[in-house]
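One structure is given below, encoded as structure tokens.
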């Protein structure tokens, strides 16, 4: 029964917008996370079908004390899973209504003219082709270890290391217990799709971060020097924040903002596990942060990854396509009709034009606000959206509003996918996709001020070219310098 209660609690957290499936599962303290994750993911995938079955069988009307989310989990395992595994009154309840539910399932199949349970799923719920080909990316947390040590660790676990990838096709061909060093990002290891490391000691100890390659691009391209003051404007759940800290080598200051107390608490735990120091979390809407506040007078770099439609998320990965809204949903409250932010219909294949415009309006405000920080030298704007309205159109509009004050940087010219030709210079932006880059769908734009004292446009982050040692000069207001500690060697 504990499994079903934990799964129902995760589903309730999803509806409230407390986070995505992975973060809620791994913060549930349920001892068997794989089992819980699989049950929740499949229940979410079958959710539209389960809702029809519950309604058709009138189960919630007959069992008024049965919570709706618990009902979904029980019915999923009864009809689509391996059978109800608990005992007691809930198993008796499932048995009592089994015949009615099975009859309703048979009726639904006849109605939709299908023979298999899988065929009841709408195309958007079925696992997309991209889900099966996107590799498992593992970012080495250089605050705690180094790439060579992690490679040696996996080799001792029976994995075969094939060296640095020469092209995307080598990533696509990965199978079994083989892995590569990514061809673009120097601290990213690549394993075959669906490889699971959630129980691995390196993950639980914070030595590795499970993060999609496209999600690593914003911090990588922002590339602040050690000692810099940085703002992570839309910080939860914190993977990009920990990546920034690793690039900074924990020297400097990170200001991270989110509006939800629970997400901040979860993020704080994750950052502490990753060994991040010199960060300040604030329960605050970034739009209300005063650029003239002396606390931010030395902020030179801003990472802005705002709420978006999440249309680039690969289906079948355990993340609903609008998980970005669940992470930062309250920021768009008021722009989206009441009740829509955290309860978007899962059968919707694409966001409506009205909702896209509402999101784009918020994104333009956030980007324009970020450009107001007086010491800003570089800003990265990113989304996990495929829509031009949230990407190129937002960047173009804001650049027009600022006249010649800011410019797009032609960052990472070797990256194969560029921005859509929506305006002159849009090719400076980056795009990512399952088909072309073997990642989630993503968009990244790098902006810098057009002032004479600004540095020349960076064509590639320093880390990607020669990995020069960043300056370690003292920065006023930075975290106190601590005695250097030797990194833990992975045993």
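Keep in mind that glycine also has a Cβ here, set from the backbone N, Cα and C atoms.
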From 63-90, 91-118, 119-146, the residue range that TrEMBL assigns the feature coiled coil: 91-118
Pairwise CA distance, residue 238 (S-adenosyl-L-methionine binding site) versus residue 384 (active site, nucleophile), rounded so that it is a whole Å: 15
Cα-Cα distance, maximum over 234, 235, 236, 237, 238, 239, 240, 258, 285, 305, record's S-adenosyl-L-methionine binders, Å: 19
Cα-to-Cα gap, residue 234 (S-adenosyl-L-methionine binding site) vs residue 384 (active site, nucleophile), nearest whole Å: 13
Sparsest Cβ surroundings (other CB atoms within 10 Å) among the recorded positions 234, 384: 234
Alpha-carbon spacing, residue 240 (S-adenosyl-L-methionine binding site) to residue 384 (active site, nucleophile), which is rounded to whole Å: 13
